[in-house]
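K.L.:
Marked as active site by Swiss-Prot on the basis of sequence analysis: ASP76, GLU147. The Mg(2+) binding site annotation in Swiss-Prot covers GLU72, ASP144, GLU147 and rests on sequence analysis. Feature annotation from Swiss-Prot assigns domain 'RNase III' to 34-158. For 185-254, the entry in Swiss-Prot reads domain 'DRBM'.
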Amino acid sequence: MDASSSSNPDDGLQAIRLVDASDDEPYADAVAKIERCQEILGYDFRDLDLLRSALTHASGASHRLASNERLEFLGDSVLGLTVCEWLFNEYPEYSEGDLTKIKSAVVSRRSCGKVACKLGLDQCLIVGRGVTRNRSYPKSLVSDVFEAVIAALYIDGGPEIVRDRLKLWLAEEVNLAVDTQGSGNHKSVLQQFAQRELSATPVYKLIRETGPDHRKMFLMGAMVDDRRFAPAWGNNKKDAEQRAAANALAELHNAKVPYDSEQPPA
């Protein structure tokens, strides 16, 4: 199975198909899901009970301690440490504040849920009948199983396995976070990205200015290789260009733009 497959690769937080632990053949179903999960992870567990626990939601467990909650607790810290070490080594020019913002974006529930669904872990979950009957459950459920699986990998295979897998799975999320959450100099980041990925240099255009001379507001827009991006307002042209660059970076990564272009701030 291709580890990049997903029920919907464009939205990792869509409704997910769940495995009902109360089906007529729950054991056989769970075994099939465990095997599929190992294929996704590219790793054969020595302790299959550990992996089953990682995939089991509290609603599908015989008792609370048989669910993935304890593994989720450990996986959260393993994920955080691994990403922190990665960022610390890869981005020596970034400040503590920038690294913190990047890390927070990478390990967020949304990011983890999206990656888990791209991998196909949403097809490996084991839950109770009530969850599947209601068809209503928190979207954080998939990010929880992602953290639990990380913990299971850590226990069964060690930190190297976790480090290798996370660098493969989270590379896109790290690049996105670096480009949108990192250095406050968005113009510099946009220029580096545009030259590296698009072989082009951004240009900025004044679209509109408003207000009295002592309190003017400027609307600037960024353009890269003839593609125009959402403009942004600023108290001066330099500030507006920085914000326009931030909007461009967000659009280039299919993310929500951080600055409004409809009207100048009050």
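For all residues, glycine too, the Cβ spot is worked out from N, Cα and C.
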K.L.:
What residue among the recorded positions GLU72, ASP76, ASP144 has the most other CB atoms lying within 10 A of its CB?
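P.N.:
Neighbour-count leader: ASP144.
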K.L.:
Given the Mg(2+) site residues GLU72, ASP144, GLU147, which other residues of that chain have a Cβ within 8 Å of the mean position of their Cβ atoms, reported in sequence order?
P.N.:
ASN68, GLU69, LEU71, PHE73, GLY75, ASP76, SER143, VAL145, PHE146, ALA148, ALA151
K.L.:
Can you give me the Cα-Cα distance between ASP144 (Mg(2+) binding site) and ASP76 (active site) in Å, rounded to a whole number?
P.N.:
9
K.L.:
Is it possible to get the count of other C-beta atoms within 10 angstroms of the C-beta of GLU147 (active site)?
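P.N.:
There are 25 such Cβ atoms around GLU147 (active site).
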K.L.:
What does DSSP assign ASP144 (Mg(2+) binding site), in three states?
P.N.:
helix
K.L.:
Using C-alpha atoms only, work out the spacing between GLU72 (Mg(2+) binding site) and GLU147 (active site) and round it to an integer in Å.
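P.N.:
Their Cα atoms are separated by 5 Å.
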